[in-house]
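According to TrEMBL, the features are:
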{"type": "TRANSMEM", "residues": "44-65", "note": "transmembrane segment"}
{"type": "DOMAIN", "residues": "45-454", "note": "domain 'Ammonium transporter AmtB-like'"}
{"type": "TRANSMEM", "residues": "77-95", "note": "transmembrane segment"}
{"type": "TRANSMEM", "residues": "134-156", "note": "transmembrane segment"}
{"type": "TRANSMEM", "residues": "165-186", "note": "transmembrane segment"}
{"type": "TRANSMEM", "residues": "198-217", "note": "transmembrane segment"}
{"type": "TRANSMEM", "residues": "237-254", "note": "transmembrane segment"}
{"type": "TRANSMEM", "residues": "266-287", "note": "transmembrane segment"}
{"type": "TRANSMEM", "residues": "294-312", "note": "transmembrane segment"}
{"type": "TRANSMEM", "residues": "318-337", "note": "transmembrane segment"}
{"type": "TRANSMEM", "residues": "349-372", "note": "transmembrane segment"}
{"type": "TRANSMEM", "residues": "406-424", "note": "transmembrane segment"}
{"type": "REGION", "residues": "467-513", "note": "region 'Disordered'"}
{"type": "COMPBIAS", "residues": "488-499", "note": "compositional bias 'Basic and acidic residues'"}
Amino acid sequence: MSIPATATDPYVVKIPYPTDGSLPATGGDSLTQDLNLYYNAGDIAWILTSTALVLLMIPGVGFFYSGLARRKSALSLLWLSVMGTAVISLQWFFWGYSLAFSHTASKFIGNLDNIGLRGVLGQPSVGSHLIPDLLYAVYQCMFACITVVLAVGAVAERGRMLPCLLYMFIWSTLIYDPIACWTWNPRGWIAIKGGLDFAGGTPVHISSGTAALAYSYMLGKRRGHGTQELNYRPHNVTHIVIGTVFLWVGWFGFNAGSALGANLRAVMAAVVTNLAACVGGMTWCLVDYRLEKKWSTVGFCSGVIAGLVAITPGSGYVPAWAAVVFGVCGGVCCNYATKLKYFLRCDDALDIFAVHGIGGLVGNILTGFFAADYIAHLDGYTVIDGGWLNHHWIQLGYQLADSFSGGAYSFFGTCIILGILDFIGRYIPALRLRASPEEEILGIDDVEIGEFAYDYVELSRDVKPLEDDDLSQNSGAAEYMPGQAYIPDEHPEKSHESTRSTQPLRDLQFVDQ
């Protein structure tokens, strides 16, 4: 039989963390002290769960990008998503976390006090006193991973793998870590100014979107760009749907987890995240319907992502009804932004800048309008001046400064990094950024991976087009339906073995590659 709670019952029993500097940087000696006493088990459990949810988003990005690309380069994009996670996790352990979230960081970048996660254990994190440093480190590691994976989709169908991996490590160190520091570290200049970015409008989306734009410029246009050769549809819409589902589910950990505790603020973030995704998907689908009178699955999935991107910076600051505005504005603006690549004369193959760069900018601006002080205080301790809802007019200026400084730093920094790598590639062929024209024709999967997303070999060997002489000699020809593959019976003129191709896979030509 349960005992009803009374108003005098404490909500949680824990010991406040000493603030007199008496404990070491690790938070105490785990051999003689129970470091768990300073934290709520529910908060730790939720952030651990959110960490796993954000990790789930990374293969979601891979599936989404893979479905949008052509078959012959589909696997390379999946490979980059999982390999990128490995590279950035190592970078984050080595010095990434220290450069972004050291307790004694400058206004622009951290130091190496926590290199190799040295001293990162039980002390309250710079993000929130509700969780320890070590938990914050692994949670933010997933943000660093997915940001880089979002950006490197720009290599689609023409970029080489090895220089891309090297670029990941350098870009995360020189671009992502400083932007994360000045946005989320309390010592960062944006945080001091009062910029509001709950879950990564600038560090994740604007930085990855502008980096993808720069990477697309530095690689150049794909072979056949602007001609009928590249007039193709996404090769696997099922992959796009699967990727969208992974991202949609994972985004609950991305946004609601950024409350850094199990509280009402996290609940509100989950509510607005789902609502903005739904509205964004419907909006994009309707905008596309006016052109082709078709209910596009790809359009709906793109709109869901646009809505999620837009709500990201404001998810812990805005009321539920504002999520509808975020979803509509995100869906419309990102949809029309897909045309920007023609104006910019850039082959952004997967529209990363349109969805993430523009979507992040839209979200940051709307946060300046709709941020509310009472929503931020749902966690019980966060105090903000709010946005225009609270008549805090200057907030929009802070949001614009955050957006354009982060975007410009990421774009021009990416150009410099890739320019140096491209220069080195002239002398070290393994570091050439772009595949050769011959390699591009064969496909990045064949040239760089040596494996394929799909096995077409047996299909090509065992199924042959229907020929006139087969119709005349086959007794079952009357049962053949147009468009049906025909496998001939054994007969003297043409045996089953004669349909087996002796060509290597790279020489086989498919109509839709």
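Note: Cβ is positioned from N, Cα and C throughout, glycine not excepted.
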Distant-in-sequence neighbours of the transmembrane segment (294-312), which means Cβ under 8 A and at least six residues beyond its ends: 64, 68, 198-201, 204-205, 234, 237, 240-241, 243-244, 247-248, 251, 254-255, 272-273, 276-285, 287-288, 318, 323, 326-327, 329-331, 333-335, 351, 355-356, 359-360, 362-363, 366
Highest-contact recorded stretch vs the transmembrane segment (77-95), from 44-65, 165-186, 237-254, 266-287, CB pairs under 8 Å: 44-65
Distal contacts, the transmembrane segment (266-287) - CB-CB under 8 A, six or more residues away: 46, 198-199, 248, 251-252, 254-259, 295-296, 299-308, 310-311, 314-316, 318-320, 322-324, 326-328, 330-332, 334-336, 375, 378-379
Stretch among 134-156, 198-217, 237-254, 406-424 sharing the most Cβ pairs under 8 Å with the transmembrane segment (165-186): 406-424
PLDDT averaged over every residue in the domain 'Ammonium transporter AmtB-like' (45-454): 94
Any contact, the transmembrane segment (44-65) to the transmembrane segment (237-254), with at least 3 Cβ pairs under 8 A: yes
Best-contacting stretch, by C-beta pairs under 8 Å, relative to the transmembrane segment (134-156) and drawn from 198-217, 318-337, 406-424: 198-217
